[in-house]
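Take a look at the structure below.
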Amino acid sequence: MSLVLLLEQVLNGVQLGVMLFLMAAGLTLIFGVMGLINLAHGSLYMVGAFAAAAVSGLTGSFLLGLAAALAAAAAAGALVEMLVIRRLYARDHLDQVLATFALILIFSEGTRWLFGSFPLFLDVPTWLSGPVALPLGIDYPKYRLAVIAVGLAVAGALAWLIGGTRLGVQIRAGEADREMIAALGVDINRLYTLVFALGAALAGLAGALVGAIQSVQVGMGEPVLILAFVVIVIGGIGSIRGAFVGALLVGLTDTLGRVLLPVIMTHIVGPQSAATVGSAVASMAIYILMALVLLVRPSGLFGRT
Amino acid sequence: MTRKGWVVGAAMMLALGLTQASAQDSALKVGMITTLSGGGAGLGIDVRDGFLLAVKQAGVPIDVVVEDDQRKPDIAVQLADKLIQSDKVDVMTGIIFSNLAMAVIPSAVAQGKIYLSPNAGPSQLAGPGCNPNYFNVAWQNDNLHEAAGAYANSAGHSNSFILAPNYPAGQDALTGYKRFYEGELAGELYTALGQTDYAAEIAQIRASGADSVFFFLPGGMGISFLKQYADSGVDMPVIGPAFSFDQGILQAVGDAALGVRNTSQWSKDLDNPTNAAFVESFQAEYGRLPSLYASQGFDTANLLISAMGKADVADADAFRAALKEADFDSTRGAFKFNTNQHPVQDIYVREVVKEGDVFTNRIVATALRERGDAYAADCPME
Amino acid sequence: MRRERIVNAALAVLLLGFPLWAYWAGEPFLITLATRAAILALAGVGLNLALGTGGLVSLGHAAFFGAGGYAMGVLAWHAQMYAPMNIAGFEIAGTKSMPVIWLVAVLTGALLASLIGALSLRSSGVYFIMLTLAFGQMAYYFAISWPAYGGEDGLSIYVRNGFPGLNTLDPIQFFLLAYAVLMAVIWFMARLQVSPFGLALAAARQSPARVQAVGIGVFRLRLVAFVISGAITALAGAMFADLNRFISPTMLNWHTSGELIVIVVLGGVARLYGPVAGAILLVTLEHVLGGFSDFWQIWLGLGLLAVVLFARGGLVGALAGRAVAHD
């Protein structure tokens with residue numbers, strides 16, 4: 001394998017990682033502030049993708065679709081928070097797992113009821129389609145570069161939001177001591193709804209961005225959800241920085257594992273079964289990574305103990 | 001809910017469960033297990049609708065019990081038990097996915113039920129595992145991949161890059177392609193089942209120096225791959241089986257699929273009167289274009305109806321013989337059964353085109369004529 | 001507590017009486033449904049020890065359920081094909097005998113649970129949930145891409161395995177067998193809960209530090225509970241595979257773990273008969289709602305939400321009142 005191809009694969013890994021970060025950031029924020037474990041985060045991702053597909057299908061504008069995805073996911077998030085999630089903060093993890101598992105069923109079948117059983121269409125806008133020539137002779141899709149850019153911009157914006165704004169102060173205070181922040185006169189209900197809607201909007205954005213190059217279909221959120229959980233566990237639950245590092249680690253491990261393991265396996269089990277065995281090990285690679293990280297640091301790379 | 005409410009509710013549910021199982025009249029009873037909810041629901045809905053359309057048009061006394069397997073093998077097995085033990089059906093059909101077929105069919109046919117497969121054709125049931133009670137009305141799983149391999153030869157491709165998910169149907173697909181394909185392989189890749197991002201694979205394809213790409217990625221995987229492939233700027237021709245280019249899925253792929261050649265035993269524009277009538281009546285009944293799966297459901301029902309005219313289902317030997325004659329007008333033109341009761345049929349090459357706003361397929365060539373399958377020789381039936 | 005005993009007895013009688021009635025009425029499929037409920041209840045009883053008594057929210061019990069299933073599938077497949085297994089040079093014949101298969105399933109489940117438990121129990125809370133989920137998914141992907149035993153297609157066993165003195169192909173006999181196993185395990189659980197081990201485990205859920213302070217190792221305590229829990233769930237998995245005469249990676253999917261949790265919570269967490277109530281309810285809902293609408297899972301989801309939000313303590317809790325603390 002040439003070095004240039006390897007570099008291109010690293011870029012692919014970074015792109016997958018950045019996309020995972022958008023999912024994981026919301027998940028980890030919600031856990032950090034409210035202590036809630038939200039299995040339905042993948043459903044919000046799906047809501048974003050469907051909203052983008054529906055609106056850009058009607059208007060022909062990808063940007064309007066993105067805006068719709070953000071709005072729809074944030075609205076769905078706020079609604080779910082006020083109707084259901086709010087009652088779960090004081091509950092144990094078991095109730096949270098079960099209630100959000102129920103939400104998955106409702107969202108998935110509800111979406112199928114609204115949009116039918118066939119996948120929807122959402123495409124890359126023409127001004128972002130096709131490849132662009134990078135140094136070293138790498139032809140790389142423009143759209144994927146744009147996804148990397150958006151992801152990095154969101155990461156920067158989140159860092160600013162949490163580190164440098166009044167809302168961020170409240171969020172950090174909420175993580176540290178819930179009673180205290182309520183005592184200080186912050187409307188805790190409003191803060192929680194806001195944080196949940198923000199996390200949902202990030203998931204919706206990820207869904208819309210990814211929907212353009214993948215399949216917009218019911219159940220699309222679940223594989224990503226599990227990857228996002230792996231990310232935040234590796235990074236340390238509640239830490240945005242951890243989510244970023246974890247997302248890049250998972251993206252790179254997954255991509256490079258898929259590329260390199262079949263090659264490595266050729267030397268171990270021979271070319272006959274290298275493709276299947278390599279692919280089998282590659283599909284488990286990120287879970288092995290997670291187990292290793294937790295063996296060394298039981299609360300993740302950036303987690304508080 | 002009050003405590004009393006709980007008890008009443010539970011009792012009501014039990015009672016409802018009982019009434020559901022009550023027996024019906026004396027028409028021929030068909031049990032259909034198919035996928036109607038979750039990710040693969042579109043396929044099952046099309047098979048069901050095609051089947052029911054044919055029953056309606058024929059106006060014969062067929063009682064169809066439709067059940068949703070949720071694409072879960074254990075649910076499918078449980079439904080098969082229900083249809084056999086409780087509904088006492090005569091004939092079973094409907095399963096979409098091979099893994100569910102392998103869970104249900106061997107035991108159902110062993111219990112003496114006739115099974116007509118409208119979609120899945122796993123190799124285990126075509127060779128030594130063939131059964132007089134099992135009829136496949138779609139294709140043996142390898143068929144469309146074999147046709148893709150044959151087409152690659154005639155299109156002058158000599159260096160293919162091939163990929164499929166790492167599960168039995170994926171491994172069979174690549175085997176099927178290689179059975180007819182005579183050129184070199186630029187690369188052979190297995191991806192994860194349910195994988196959604198193919199950037200790494202596409203980069204390998206680009207670097208491999210191949211002159212064509214064959215892929216088998218059913219469902220959402222194919223949509224993702226095609227979109228990302230089109231966006232990557234790699235422009236070598238793609239070939240695949242019809243599953244990733246079918247009517248239900250094509251609108252979601254969009255322009256990325258335009259011009260792609262795919263192999264199928266059926267197409268909307270296949271020129272025979274049965275097919276023309278089918279396409280028109282399906283559209284009139286359901287307000288959408290029929291898919292490959294709808295045509296298979298339609299043919300399955302018509303095969304069954306043709307046998308009903310010749311024999312009584314109570315006489316199993318005569319009914320099986322009547323089915324084996326395949327004396328019905330298929331939407332795909334000529335159709336007959338091989339010794340292993342799998343189809344012998346032509347398989348075509350289609351091209352994805354745009355008619356107005358709708359993406360669809362038209363036939364451009366015939367890949368294989370009167371193709372049976374590679375396993376029939378191992379089947380002890382004659 | 002007395003009321004809960006009455007509810008428990010009613011559940012035991014309902015689960016036994018319904019299939020007997022179905023047998024009398026000539027409805028063999030309803031017996032099969034009851035068998036499904038009994039076996040899922042058994043899996044739930046296993047999970048309930050970790051989840052309810054131990055407070056260990058495992059989202060990876062599908063791994064044990066599936067491991068039990070594969071123990072049955074692999075052994076019966078080798079017997080069916082008359083092809084002995086070759087493990088490290090030893091030839092081991094397959095078997096179609098349920099007691100042997102159950103023993104192997106229990107051992108497999110226990111071994112897997114001790115591995116997963118030893119690694120996951122070092123963490124707690126959300127990390128524990130996520131770790132069990134990840135290990136479960138690892139097992140799932142392994143089963144899918146492991147070609148020797150059918151991969152994604154799974155394995156079909158044509159004839160149900162045998163049990164000495166019974167005709168297991170007869171639905172009512174197989175049901176009675178499953179019911180007997182379920183009752184035996186529930187009896188064992190009842191003894192376990194009031195044993196020093198059970199009491200210490202429950203205490204460790206509420207206050208690990210205090211238990212540690214009196215000199216009991218919390219980690220070891222939880223590990224033992226997790227292993228017993230995994231072993232019972234694996235036993236249920238082997239019986240579930242026998243009910244279907246089929247085994248596939250779907251049993252290992254995380255949705256299966258979710259459904260097992262649903263069974264426990266619907267019925268009542270940490271209640272002895274909670275999983276029995278939950279399994280009866282889930283199987284009934286699946287069967288009845290599935291007949292009403294293609295979108296029945298929406299109603300299932302709404303029902304679940306209602307139970308979690310408003311009917312804490314599940315079905316048994318609603319019927320028997322809040323007898324045990326659930327935190």
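Including glycine, each Cβ sits where the backbone N, Cα and C put it.
Whatever TrEMBL says is automated annotation, not expert-curated.
Quick caveat, the model's predicted, so the values are computed rather than measured.
Look at TrEMBL and you will find A:16-37 (among others) tagged as transmembrane segment.
Per TrEMBL, transmembrane segment is recorded for A:44-60 (among others). Same-chain residues lying 6+ beyond the ends of the transmembrane segment (A:44-60) with a Cβ under 8 Å from its Cβ atoms: 23, 26, 66-73, 76-77, 107-108, 111, 115, 120-122, 199-200, 203-208, 210-212, 216, 218-221, 224-225.
The transmembrane segment annotation in TrEMBL covers A:66-85 (among others).
Per TrEMBL, transmembrane segment is recorded for A:97-122 (among others).
Per TrEMBL, the feature transmembrane segment maps to A:142-162 (among others). Outside the transmembrane segment (A:142-162), and at least 6 residues removed from its termini, the chain residues within Cβ reach (under 8 Å) are 11-12, 14-15, 18-19, 21-22, 25, 124, 128-132, 168, 171-172, 202, 205, 209-210, 212-213, 240, 244.
Here TrEMBL flags A:191-213 (among others) as transmembrane segment.
The transmembrane segment annotation in TrEMBL covers A:225-252 (among others). Among residues of the same chain six or more beyond the transmembrane segment (A:225-252), those with a C-beta under 8 A of the stretch's C-beta atoms are 10, 13-21, 23-25, 27-29, 31-32, 39, 41-42, 45, 155, 158-159, 162, 175, 286-287, 289-290, 293-294, 297, 299-304.
Sequence annotations record features per position, and here TrEMBL assigns transmembrane segment to A:273-296 (among others).
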Long-range environment of the transmembrane segment (A:16-37) - Cβ separation under 8 angstroms, sequence gap at least 6: 44-45, 85, 88-89, 93, 96-97, 100, 147-148, 150-152, 154-155, 158, 171, 174-175, 191-192, 195-196, 198-203, 205-206, 209-210, 224-225, 227-229, 231-232, 235, 237-240, 242-244, 246-252, 254-255
Distant-in-sequence neighbours of the transmembrane segment (A:66-85), which means Cβ under 8 A and at least six residues beyond its ends: 34, 36, 38, 40, 44-45, 47-52, 54-56, 99-100, 103, 192-193, 196-201, 203-205, 207-209
